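A.B. asks: Below are the features listed in Swiss-Prot for this protein:
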BINDING   Arg25, Glu81, Lys120, Lys452  (6S)-5-formyl-5,6,7,8-tetrahydrofolate binding site
DOMAIN    216-375  domain 'TrmE-type G'
BINDING   226-231, 245-251, 270-273  GTP binding site
BINDING   Asn226, Thr245, Ile247, Thr250  K(+) binding site
BINDING   Ser230, Thr251  Mg(2+) binding site
Amino acid sequence: MTYVFPETIAAQATPSGRGGIGVVRVSGEKTKAIAQKILGCVPKPRYATFVKFRDSGSVIDEGIALYFPKPNSFTGEDVLELHGHGGPVVMDRLLNTVLKAGARQARPGEFSERAFLNNKIDLAQAEAVADLINASSEQAARSAMRSLQGEFSKRIHQLVDALIQLRMYIEASIDFPEEEIDFLADERIKETLENLTHQVQEIEKTAKQGALLREGITVVIAGEPNVGKSSLLNLLSGQETAIVTDIAGTTRDIIRESIHIDGLPIHVVDTAGLRLTEDVVEKEGVRRTQKAVQQADLLLLMIDASKPTEDFKKIIAQWFSENDNKIPTLIVENKIDLIGEAPRKENKEYPHIKLSVKTRAGVELLKNHLKNTAGFEATHENNFIARRRHCDAIARASAFLKNANNHLLNQKAGELVAEDLKLAQNALSEITGEFTSDDLLGKIFSEFCIGK
């Protein structure tokens, strides 16, 4: 069944700016009437038709029109796409003509929202549309495409169906107590519940990988002036992002650069050198450094390996006495080329990596540590893209299933087991949108671009 929305919507579906082609998309009950006004006809469904786009008889542009009648369209409504020349003036005139003919400007994500409400895609697939557009690596794009094609949703639906079947079986033992069968003592219930718990734990691991592909981790490089922080940023990013000189205090502000290591997005933050200073600008840089550190997933505390050992022990002790030591920290001992040491990793109170940014010795050790800290598996080919809300929902489902196991094995409490299964089912159904609040839907679709 197609949901009938009272308003027809329109938006430019291609990015703003100059381009060879620009597309205006229309969806809703007035689509055919709008086509008749602007094109003088309703194009043959699913055929590219070359036409002139007119406003009150005056030709605005000429190009290709594509018409998709309901319900076999992206939104499930009548959809019209007008492909014209991609100049901003032309696109503005064409969109304004469509709006004047009876449509209104679409909100961000409103086309995808209508597709979801008309059961053309589920919520996880709708989110995958945005994730595919925003993918920052080839691996993220492939994973988003798998989600868009429904692989993630299929696994969630299979789990939900299995939970429903098990819950029905357990509820039967509650509703028909006169039957002389102890359903809860049935070994198959125990095995099924254990199997479902394991499956949810496995999909939780995969979802975490998908969330890492989408969001990555934030790594902050901090330390005293002139220890090689900016040089490390330049080395990791592969370009001269930060100015590097022998003068202490060159970096006075936060410098951010996004890189990829085997598909893992890493947001690297280079910071001002930490030292006592009377310079007002440098003081502000130090303050921003301390703020950036609090938002880090991993801190790289850089020190100069060529200095006496007691000096950098004092630096490390002072740092952790003044800052939150709950943030995962790696001590990076740079400039080992000056003292003739080989690169290596040491696991002390805090892990240490000895390297030389100048010679690149030990840099692979650092990259591997970044991936391991994030829990990233670069060779995981069956990843789907995931969001934090997906991970949260799966984690809640996993917790409910653990409760169900406890209630089954230790208390033989059928009612509690059934309730745990229902809660796990609802948590998983939030992912595909079958059990979702309107507030969450509004938040999700508001993050889309206009025209999608």
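Yeah, the Cβs are placed from backbone N, Cα and C, and that goes for glycine too.
In the displayed structure, how are the listed features positioned relative to their neighbours?
C.D. replies: Following the DSSP three-state reduction, the secondary structure of Glu81 ((6S)-5-formyl-5,6,7,8-tetrahydrofolate binding site) is strand.
For the domain 'TrmE-type G' (216-375), the model gives a mean pLDDT of 78.
DSSP assigns Asn226 (GTP binding site) to coil, not to a helix or a strand.
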A.B. asks: For Asn226, Ser230, listed as binding-site residues, tell me which one has the smallest number of other Cβ atoms within 10 Å.
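C.D. replies: Least crowded of the binding-site residues Asn226, Ser230, by Cβ count within 10 Å, is Asn226.
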A.B. asks: To the nearest Å, how far is the Cα of Arg25 ((6S)-5-formyl-5,6,7,8-tetrahydrofolate binding site) from the Cα of Lys229 (GTP binding site)?
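C.D. replies: So the alpha carbons of Arg25 ((6S)-5-formyl-5,6,7,8-tetrahydrofolate binding site) and Lys229 (GTP binding site) sit roughly 48 Å from each other.
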A.B. asks: Which whole-number value in Å describes the distance between the Cα atoms of Glu81 ((6S)-5-formyl-5,6,7,8-tetrahydrofolate binding site) and Ser230 (Mg(2+) binding site)?
C.D. replies: 48
A.B. asks: Calculate the distance in Å between the alpha carbons (Cα) of Asn226 (GTP binding site) and Lys120 ((6S)-5-formyl-5,6,7,8-tetrahydrofolate binding site), and round it to a whole number.
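C.D. replies: Asn226 (GTP binding site) and Lys120 ((6S)-5-formyl-5,6,7,8-tetrahydrofolate binding site) have their Cα atoms 57 Å apart.
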A.B. asks: Over all shown protein chains, what is the count of other CB atoms within 10 A of the CB belonging to Lys229 (GTP binding site)?
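C.D. replies: Neighbour count, Cβ to Cβ under the 10 Å cut-off: 32.
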